[in-house]
Amino acid sequence: MERTLITSNLSMTAHPSRSSRRVGYISPAASAAAQNSSYRKKKSTPSAAATATVVTSPPATDNVHSNAPKQAEQQDKGERVAAAKTNTSRIGTASTRTRAPSQARAQPRRRPAPAAASLPMAFCSALEEAINTFVDPPALRPSVDPRNVLSANFAPVDELPPTPCPVVRGAIPRCLAGGAYIRNGPNPQHLPRGPHHLFDGDGMLHSLLLPTAESPLSDPILCSRYVQTYKYLVERDAGAPVMPNVFSGFHGLGGLARGAVVAARVLTGQMNPAEGVGLANTSLAFFGGRLYALGESDLPYTVRVDPATGEVTTHGRCDFGGRLFMGMTAHPKKDPVTGEVFAFRYGPVPPFVTYFRFDPAGNKGPDVPIFSVQQPSFLHDFAVTERYAIFPDIQIVMQPMGMVAGGAPVGADSGKVPRIGVLPKYATDESEMRWFEVPGFNIIHTLNAWEEADGEELVLVAPNILSVEHALERMELAHACVEKVRVNLHTGAVSRAPLSAGNLDFGVIHPGYLGRRNRYGYLGIGDPMPKIGGVAKLDFDRAGTGDCTVARRDFGAGCFAGEPFFVPDDVEGDGNEDDGYVVCYVHNEHTGENRFVVMDARSPQLDIVAEVQLPARVPYGFHGLFVTKAELQAQQQ
């Protein structure tokens with residue numbers, strides 16, 4: 001049946017196959033192992049997902065594709081035809097997930113589990129169903145009830161192959177030409193059987209490849225693809241959820257029972273946690289000639305955007321030559337001068353925080369364990385200056401024993417005093433780590449940090465979560481106030497100045513100023529969070545004079561976006577810090593219309609200079625990245 005997308009400005013007819021096309025995963029090992037030793041197969045498991053790979057070093061050649069994708073596509077086509085005849089279920093229910101025809105979700109392809117694993121899998125699934133029905137039903141916790149969490153534009157969408165999109169307003173600035181804006185976010189592959197938190201969805205990348213300066217009349221190309229994590233592959237092959245929902249599933253007695261089911265799945269070979277348990281649904285980073293999809297509970301996944309076609313592919317889980325373990329922050333910091341990347345990982349066992357860095361070529365250096373963090377906390381982001389790394393230690397803590405008392409393994413500790421730790425950026429151990437108490441300062445994201453007074457003072461700009469108890473469970477009740485914090489390293493004095501009373505988060509700066517003193521930041525306006533109703537531009541130099549908002553763009557009634565991203569104009573700009581453009585995806589909840597919006601960062605109202613009409617819905621998500629034409633062309637396989 002032909003599907004028609006009705007918008008406020010134009011009507012577009014979508015090809016009938018675009019909403020349901022599925023491309024089977026072709027492991028890089030299957031097509032390149034014979035030619036390239038940089039990819040290595042993982043140990044065989046009962047699941048077909050055993051063909052997932054770990055990228056250990058940059059491959060020697062770009063020849064990693066063979067005729068296998070074509071064969072897989074032919075096989076996939078046959079499976080889709082068969083599935084269409086036999087499978088009519090959809091994720092969600094009609095009462096809670098009603099969609100316009102243009103927003104219909106195609107049925108995920110289902111494959112039978114291996115015969116040896118089918119009985120244990122059925123038994124474990126039955127146990128989970130009993131837990132979700134009698135012990136911990138989602139209806140008792142509305143904040144993790146899938147009917148609430150996966151509603152409206154939080155509902156998942158199907159993959160979209162590379163699809164042209166018209167520019168319906170203005171013209172794409174030359175500094176964006178040939179580059180790609182990519183937004184990561186959660187998009188569950190299957191209907192959740194039980195509780196589901198927004199953070200629990202499988203990672204999906206929504207990439208918009210913009211036309212080059214040589215072909216300015218060409219259309220941008222939108223492509224939406226899952227990050228093919230180990231979890232995604234296991235559950236794709238099983239045709240149902242297998243691995244646990246970490247943020248919502250381990251709560252009270254039900255959480256303990258689900259833990260037992262997980263143990264049973266591991267013992268019967270249905271899943272192998274050593275292959276990774278992450279979702280890669282949070283953000284992206286480009287360094288060392290590679291593009292990575294990130295989620296802090298796992299290793300990075302190498303992905304690639306084809307600069308010619310816009311196709312997005314997953315190349316494998318990357319352990320950087322066996323030097324990276326367990327996971328990595330979704331917010332690594334790339335020094336704009338040296339090209340080095342600084343990062344960390346955190347977890348529930350000592351050392352609770354481990355710091356490390358990569359050289360400009362993407363080679364990982366030694367770990368620096370930080371044992372002065374004495375309680376595991378939710379350390380999502382950090383900051384760097386030219387000489388220091390700055391770590392927040394906030395009131396959101398990991399408390400596994402909380403499940404025994406009927407609570408969650410992650411929650412707020414009101415008795416804890418937040419603090420920030422300062423460590424020399426090139427330290428080889430934590431002997432020079434210093435901690436400074438900052439009562440009531442609970443930050444999940446940072447904007448920037450820098451040094452002043454010949455290095456005696458550090459300045460940190462970040463949104464402070466005022467109602468930290470709601471930061472994970474009831475995000476719509478959380479309020480973030482951007483503050484400028486100054487730490488005197490000589491005296492230990494800490495001072496704070498609010499920059500705006502508005503509910504602002506998901507902020508970005510000019511990437512060329514990271515770790516250096518800068519003036520402007522661009523933040524999403526919570527309406528409420530995580531929905532963003534507009535973008536505000538703050539002037540940090542106005543701290544102490546009142547509200548520092550100097551420009552603002554509201555998207556209008558019923559229109560919401562995700563995190564904005566700043567792209568400097570290095571083609572026609574004059575070199576000023578705010579000479580560039582702010583970009584994001586915007587969804588109109590009244591019309592179903594979806595657009596890519598480009599705003600002039602220097603104008604007082606953040607004027608829209610270009611809009612691209614998108615052929616499919618892009619759900620609200622997390623963090624994005626603009627990858628330049630030069631970076632796309634420099635991608636290693």
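Using the three backbone atoms N, Cα and C, a Cβ is placed for every residue, glycine included.
Remember, predicted model here, so these are calculated numbers, not experimental data.
Annotated features in TrEMBL:
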COMPBIAS  1-17  compositional bias 'Polar residues'
REGION    1-115  region 'Disordered'
COMPBIAS  27-38  compositional bias 'Low complexity'
COMPBIAS  45-61  compositional bias 'Low complexity'
COMPBIAS  73-82  compositional bias 'Basic and acidic residues'
COMPBIAS  93-106  compositional bias 'Low complexity'
BINDING   His331, His380, His445, His623  Fe cation binding site
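Locations of recorded TrEMBL features on the structure.
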residue: His331; record: Fe cation binding site; Cβ within 10 Å: 20
residue: His380; record: Fe cation binding site; Cβ within 10 Å: 19
residue: His445; record: Fe cation binding site; Cβ within 10 Å: 21
residue: His623; record: Fe cation binding site; Cβ within 10 Å: 22
Field: His331, His380, His445, His623 excluded, remaining Cβ within 8 Å of their centroid (Fe cation)
entry: Thr282, Ser283, Thr329, Ala330, Asp381, Ile444, Thr446
